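J.: So TrEMBL lists the following for this protein:
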type     : residues : note
TRANSMEM : 99-116   : transmembrane segment
TRANSMEM : 128-152  : transmembrane segment
TRANSMEM : 164-188  : transmembrane segment
TRANSMEM : 360-378  : transmembrane segment
TRANSMEM : 384-405  : transmembrane segment
TRANSMEM : 417-441  : transmembrane segment
TRANSMEM : 453-474  : transmembrane segment
TRANSMEM : 486-507  : transmembrane segment
TRANSMEM : 537-560  : transmembrane segment
Amino acid sequence: MEASALFSTSFSPPSIHLRSRILTKSRPHVFPTKKTSFHPLLRSPPPVATNARRLFFTTTSKPSLFTSLPKPLKPISAASTSVSSIAEPKKTQLQGAKIVPLALSIAIGLLVRFVVPKPVEVTAQAWQLLSIFVSTIAGLVLSPLPVGAWALLGLTTTIITKTLTFTTAFSAFTNEVIWLIVISFFFARGFVKTGLGDRIATYFVKWLGKSTLGLSYGLTLSEALIAPAMPSTTARAGGVFLPIIKSLSLSAGSKPNDPSSRKLGSYLIQSQFQSAGNSSALFLTAAAQNLLCLKLAEELGLVIASPWVSWFKAASLPAFVSLLLTPYILYKIYPPETKDTPEAPAMAAKRLEAMGPVTTNEWVMIGTMILAVSLWVLGDKIGIPSVVTAMLGLSVLLLLGVLEWDDCLSEKSAWDTLTWFAVLVGMAGQLTNLGIVTWMSSCVAKFLQSFSLSWPAAFGVLQGAYFLIHYMFASQTGHVGALYSAFLAMHLAAGVPGVLAALALAYNTNLFGAQTHYSSGQAAVYFGAGYVDLPDVFRIGFIMACINAVIWVVVGGAWWKFLGLY
């Protein structure tokens, strides 16, 4: 979601040709003197690369996100090809898996299967499934293939080796929580397609944007507002907030990959990035990994009653405190050069005027999400499961034309998630059924008991380890699939209250999404904007991780004691 989401361009081949001929007469030195192969769509010779942008880019006068900004330029597909790319054939690239990551991923599984001694308490089938699972997890980290493709290979291996039957291997594809996650991606697309998320965020800019700090709070609060109904942190970052932040920054003279980035853009990016984890932790439906955590907890026998309400109640106080403090703390430790933004509300007002009144599709989106959130809150009392609520909401959007079926089919991330989530959940469930998780947790419990740790001390050690291990992961959901079940089992074996352990691990899963530039989908989106240097990402990520840990331990611990979680 860069300029292509904000600006519109058009192409008129005759005008391009005319400009090319005029510049050819006035600048004969632009073209090479030797014979050149011309592009088949052009009657005059193509320009060299240094003049391609001047000659073959065109814009229209449609309004941008904020009307005071210059219009970016969009390349013409037919004429944007340079002379060298026309004359030289493309080199053939090696297709398929990456050899080194592939070899390492397979080797790790083989080592577990044939080198590590099998404990007497574990069956041969369970040990073989563990080796395949470990190899699958290694592949998710090393990435010899895309995540979904590698997960499918792991699932195929379980069937070929007769570790699992076909029916057992694919049983998780009917899991309700996984389909709830998939449908959540479609809801996120509806917010982007209708422009509702953009409108809500722009209203907050108008109301609170007179100062840089107020602008940050406006963006932070608007994300917290739409998070339960737009359950994709990456979609919120790339589809709504990054375009607004870039427009505001450019209008203030704050450019990416430039010393001027510290005027405004760097602070707004960091503030929104660090706040997003708390917005995701506040609501069960604010992120896909939240739903997966509770499903994996169910596999270990922990069923949380009224999950949406229970999740919100436990997260509400520490999340609200973190959301209120984060922009201010960053304002002090990573201050912007521009303190006041008096033009931002006016720009937002112009943008809202350009948007026009709320469209019918936006009203449908609002009504549908109010219905969905209401049923998620009251679903257990009236007997409507969460996934049925999501299906009902999606059906309304399809029936009224807010979404088309092609929109759902083109949502590749949803179908990819369906594949690899189902594989990981299925394998994790079978490992539990075959006794592997019980064996591992008992081993860890004995180790912790050797240090005579109380359950609060064990809780702190395990939560800290779970958080810091994320430096080795490039995906929050991948981290959950790989380690959540094992760490939850360790908590239970150490005597930690079950609901407290399950929720605390799940909240941590959101908070460590801002550690690095690769720790989550939104991390890649915000870092790719070019406003924050890599050392600052790691430095601020670590500092805010420590601050969030203190807030959630102190405020959250007292709140959870009041709620009776321990």
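Cβ atoms are placed via backbone N, Cα and C, with glycine included.
Where in this structure would I find these features, and how exposed are they?
T.: Tertiary proximity for the transmembrane segment (99-116) is limited to same-chain residues at least six positions away from its ends with a CB under 8 Å from its CB atoms, namely 127-128, 130-132, 134-136, 138-139, 142-145, 150.
When Cβ-Cβ distances below 8 Å are used as the criterion, the transmembrane segment (164-188) is approached by residues 129, 155, 158, 229-232, 235-236, 239, 285, 288, 291-292, 294-295, 369, 372, 385-387, 390-391, 393-394, 397, 403, 407-408, 411, 413-415, 417-418, 421-423, 425-426, 429-430 of the same chain, each at least six residues removed from its ends.
Through the fold, the transmembrane segment (360-378) approaches residues 187, 190-191, 193-196, 199, 228-229, 284-285, 308-309, 384, 386, 389-390, 392-393, 396-397, 400-402 of its own chain, all at least 6 residues removed from its boundaries and within a Cβ separation under 8 Å.
Residues 141, 482-483, 487, 490-491, 494-497, 500-501, 504-505, 508, 511-512, 515-516, 518-519, 545, 549 of the same chain lie 6 or more positions beyond the ends of the transmembrane segment (453-474) yet place their CB under 8 Å from a CB of it.
Residues 281, 289-290, 293-294, 296-297, 300, 302, 304, 310-311, 314-315, 318, 437-438, 440-442, 444-445, 448, 453, 455, 458-459, 462-463, 465-466, 552, 556, 560, 565-566 of the same chain, all 6+ positions outside the transmembrane segment (486-507), place their C-beta atoms under 8 angstroms from a C-beta of that stretch.
Panel annotation: around the transmembrane segment (537-560), residues 270, 274, 277-278, 314, 316-318, 321-322, 325-326, 329-330, 333-334, 467, 500, 504, 507, 511-512, 514-517, 519, 523, 527, 566 of the same chain, lying at least six beyond its termini, place a Cβ under 8 Å from a Cβ of the stretch.
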J.: In terms of Cβ proximity under 8 Å, which residues at least six beyond the ends of the transmembrane segment (128-152) contact it?
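T.: That would be 97-99, 101-102, 104-106, 108-110, 112-113, 122, 158, 161, 163-164, 415-416, 419-420, 423-424, 427-428, 430-431, 434, 436, 472-475, 478, 481-482.
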